């Protein structure tokens, strides 16, 4: 089939690679003139890694991934370790090591694998309509194209989603701002092989290793939306928000490069049931935009890619039937993880002070099993289990 994908993010690229593996002719159209990753890095948990392994990318993703052997929570104000444990039991349980990876490097790898010659930049879709067994897509430059299937991988502001649902879905602000970037690994920040998270006051500062001796860092602060966003003031702003925190966090803020640091107001969307309409189907954030609090946004987009490609391959009654079966497989799991991330977000960022304070106390008693079981419950249920 001739498949058009709108959006060249992780979901669109992974879907394109998967569909090409099954012999489809696939073209990706991206509205941006230049591909720029949203965020510095991503924690790619084992279910997402397995999806890339399935597509033959196991060596490539292993080269990009950091060596994350341990996990720790640290009191952000005192610097006291609350809990620290090995992730090896988790890795053995699910059968695959997780890989924190640079978003830019992951996106470049996926673009190379898909084929850059089939990615068209600066093409913004403005309208679509279905005609018999085809979909007509119109672009802002006046051009149009026909496809047998249209995959909407156009993110949290998806135009394709508006078409599928018949209405626009507004994003929900999650209540916190996230600053993220990359810094060199250094022992005065955190151990090199550990995901370390400093917590306190409903805020957090987190570091996880990616390839080439770098930490991916992020700092979260509960704030109202719409505040000033001036890169030149990032350091002094963060120093103000994290005043009185331990030396490791102060050192992180001092070392970050404001011009290479991203600031994101974190949002999600209310889960919905309809992932397709006729021959138009949604994947990734267009279908189930989530907060990053359980690290499953990119992983779920990759699961979508595998399920969609397989459903179109093995179900031969009709394209619509294959898309319906894709929806039935993906809807419950993806939407459940959106709500699970939302719940985790509220606890982490002190929506209820008593609940978050109780969580801090639980962390001091944690031996690792409870946290790992929670992560495992997010990982299992992927299409390759």
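Placed from the backbone N, Cα and C atoms, the Cβ positions cover glycine too.
Contacts of residue 297 (FAD binding site) defined by a Cβ separation under 8 A and a same-chain sequence distance of 6+ are given as 42, 285, 289, 290, 291, 341, in order along the sequence. For the recorded site, residue 297 (FAD binding site), the DSSP three-state label reads helix. The FAD binding site feature in Swiss-Prot is assigned to 11, 30, 31, 43, 125, 285, 295, 296, 297, 298, 299.
Summarising the annotation, Swiss-Prot assigns substrate binding site to 178, 204, 216, 217, 218. Long-range C-beta contacts of residue 178 (substrate binding site), restricted to its own chain and to partners at least six residues apart, with a cutoff below 8 Å, comprise 218, 219, 220, 262, 263, 264, 265, 266, 292.
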| Far apart in sequence but close in space: which same-chain residues, 6 or more away, have a Cβ under 8 Å from residue 299 (FAD binding site)? | 44, 45, 47, 48, 51, 382
| request: Take the Cβ of residue 204 (substrate binding site) and count every other Cβ within 10 Å, whichever protein chain it belongs to. | output: 21
| Which residues of the same chain, at least 6 positions away in sequence, have a Cβ lying under 8 Å from the Cβ of residue 216 (substrate binding site)? | 40, 41, 43, 66, 100, 102, 180, 181, 182, 207, 208, 209, 210
| task | May I ask which residues of the same chain, at least 6 positions away in sequence, place their Cβ under 8 angstroms from the Cβ of residue 217 (substrate binding site)? | result | 40, 180, 181, 182, 183, 205, 206, 207, 252, 256
| query | If you measure every Cα to Cα distance among 178, 204, 216, 217, 218, the residues said to bind substrate, what is the biggest one in Å? | reply | 14
| request: Determine the Cβ neighbour count for residue 218 (substrate binding site): the number of other Cβ atoms within 10 Å of its Cβ. | output: 22
